[in-house]
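What TrEMBL lists as transmembrane segment is 58-78, 84-104, 116-137, 143-164, 185-205, 217-237, 298-316, 346-367, 379-397, 647-668, 675-697.
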Amino acid sequence: MNPFQKNDSKETLFLPVSTEEVPPRPPSFPKQPSPKICGSNYPLSIVFIVVNEFCERFSYYGMKAVLTLYFLYFLHWSENTSTSVYHAFSSLCYFTPILGAAIADSWLGKFKTIIYLSLVYVLGHVIKSMGALPILGGQMLHTVLSMVGLSLIALGTGGIKPCVAAFGGDQFEEKHAEERTRYFSVFYLSINAGSLISTFVTPMLRGDVQCFGKDCYALAFGVPGLLMLIALVVFAMGSKLYRKPPPEGNILNQVVECIWFAISSRFKNHSGDNPKREHWVDWAAEKYPKQLIMDVKALTRVLFLYIPLPMFWALLDQQGSRWTLQATRMNGNLGFFVLQPDQMQVLNPFLVLIFIPLFDLVIYPLVSKCGINFTSLRKMAVGMILACLAFAVAAAVEIKINEMAPHQPDSQEIFLQVLNLADDEVKVTVLSDENNTLLAESIKSFQNMPHYSKLHLKTKSQNFHFQLKYHNVSVYTEHSVEEKIWYTLIIREDGESISSMMVKDEENKATNGMIAMRFVNALHEEVNVSLGTDASLIVGEDYGVSAYRTVQRGEYPAVHCRTKNEDFSLNLGLLDFGAIYLFVITNRTNQGPQAWKMEYIPANKMSIAWQLPQYALVTAGEVMFSVTGLEFSYSQAPSSMKSVLQAAWLLTVAVGNIIVLIVAQFSGLAQWAEFILFSCLLLVVCLIFSIMGYYYVPLKPGDVQGSTDKQTPQIQGNMIDLETKKTRL
């Protein structure tokens, strides 16, 4: 039977109710009040809920902190693909709360929903960690396991998201409303504490620990999975202490059906014969009760203001994708500490913990004393402006990074450098096909060249003639080159003469914070180089050139090497962020084989500390927008619509991530231009939101709570048209 079906029988409206005839309803909560914390009014059960939330947020944000770099370096996806999948996952995490709320309200209740979906959550972490094991299959299997694991994690974290906070509120009695309010502050604190610690720790597990010769992504995903298992165990331990309200029906489904019925009725009765109604939701009055219709009206007023909000989340959530990728091209050495690129995200929860009391206790009271009416909608608009400024700063930082980065050869251009490994000076002359001199310079033995020389081609590929003068000998050689490629001409001894070979430096590009290196072996026997990995790097004898190998930033004082006859160590020194090195293994001294070091591409010069202003601005915007917006929305919605509003609020986050996904895939803009685009889009949205807020008439708390008391009966004849005006009987 439809509980909202209109009942035309007047006899049932005023039936007397006898307590003897109607059996009492089973109690929703235990009769005995739950134990309190140290004699206070706080139930002991909330301790288990807060600890559960801390561990769950550690699990989620810790896994997410290394996710972009996992896509980039482990699965070898492009930056755009990594960004798109990252935001697709984030979006899915904010779509699934609707499913979780529906399951909890209409079927299982909050407690069982949290338990069952937490099991799904843990299973997702296990599969995700397995997908990060290099020894388990190939890239296709890794990709499949990663996608399955992320899907289960999104279902788990999103499904329990709308349940945990509300379940904690259920533990309080109505007379302890003040304690409940403080509980939500502690709950929010636990979220940011878990995020703060995890975004700092998991990048260290990834970069400072080696697994199977590579970054330990399996450990970086496994530890958050362990924390989620602990969260599940802790939550289950408090089972006997919880107040467990039974499911009360899916209010979200009722709202959707009411709105759909109103829209359908409006279009079915579009003719002028039907009288106009004050509000379009009133077209559902034939089927649904007046109270539900009034609540839906209040809800739709707030949902209308939600339309511009996704653009803010589109900017905020790029901290874990585009901003992390930006950090990979910066220098994380702060002098007293070395930050990994994905550790910069720790600034957001850290600054949130600082800004919330700062704004509540200092800034907002000062603004109020200045006579400025700083309403909730104005705070949200200012938060949008701060996010715009944050992306403008990010664009300026990106431009500066590009200025410091080495330029790439354009069409019909190559970059060339000469490496002289002979024992004396060599004069190098580069001639074109017409014997025109393109480059002429004298290069000393083992001279560290400061830069590449740019040579222009007449076609996409061309032959260059090289004249090498060594002592009294002139050697002529010819090498073919192709456009847009970096080359190194290696000059080597060949008996009493010299010879040369041309080597492509195809990987002389931005290495996203990693260090790239290659070896040239001047010894007469093959060398096996171990860089602390299981897979050794083999360099052929007599000027053999190895492939590139990427490693983490750090000191490498003793790299183990071995030949057929001996073992020795090479001191590679400090390998810094983003640099590309060439090491020549020689035996020119009596101290045994040594490594001569040349820096092809210099290390990242711009400090990662330059990201601090953009993080500070966007976090201040988040505090003004997110915290204020949620508080405003709750104050404007009737009590029966709180869960619906929570789902709608999370849905705006999901839509924001979809916006980033679309722009990343189809914009084709340079990164700095993309940052400017987002900043301008949010500025336009902020203006639209400000206009909408200007015409919005906020409801007072009495209007929301007292809507059930209002009646407007219309009585014909000599009776007076009565209107109850908040009259308390």
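Cβ atoms are placed via backbone N, Cα and C, with glycine included.
Automated prediction, rather than curation, is the source of TrEMBL annotations.
Contact between the transmembrane segment (217-237) and the transmembrane segment (346-367) is not supported: fewer than 3 Cβ pairs lie under 8 Å, counting only residues 6 or more apart in sequence. When each of the listed stretches 116-137, 298-316, 647-668 is scored by C-beta pairs under 8 angstroms to the transmembrane segment (379-397), 298-316 comes out highest. A contact between the transmembrane segment (647-668) and the transmembrane segment (298-316) is present, since 3 or more of their C-beta pairs, 6 or more residues apart, lie under 8 Å.
For the transmembrane segment (298-316), same-chain residues at least 6 beyond its ends with a Cβ under 8 Å from one of its own Cβ atoms are 255, 259, 281, 377, 383-384, 387-388, 390-391, 618, 621-622, 625, 629, 633, 636-638, 641, 644-645, 648-649, 652-653, 655-660, 663, 678-679, 681-682, 685-686, 688-689, 692-693, 696, 699, 704, 707.
Beyond the transmembrane segment (116-137), the same-chain residues lying 6 or more positions past its ends with a Cβ under 8 Å from any Cβ of the stretch are 56, 59, 63, 70, 74, 100, 103, 108, 143-146, 148-157, 159-160, 211-214, 217-218, 220-222, 224-225, 228-229, 231-232, 235. Counting only same-chain residues 6+ beyond the ends of the transmembrane segment (185-205), those with a CB under 8 A from a CB of the stretch are 49-51, 53-59, 61-63, 65-66, 165, 168, 216, 219-220, 223-224, 227, 340-343, 345-346, 348-350, 352-353, 356.
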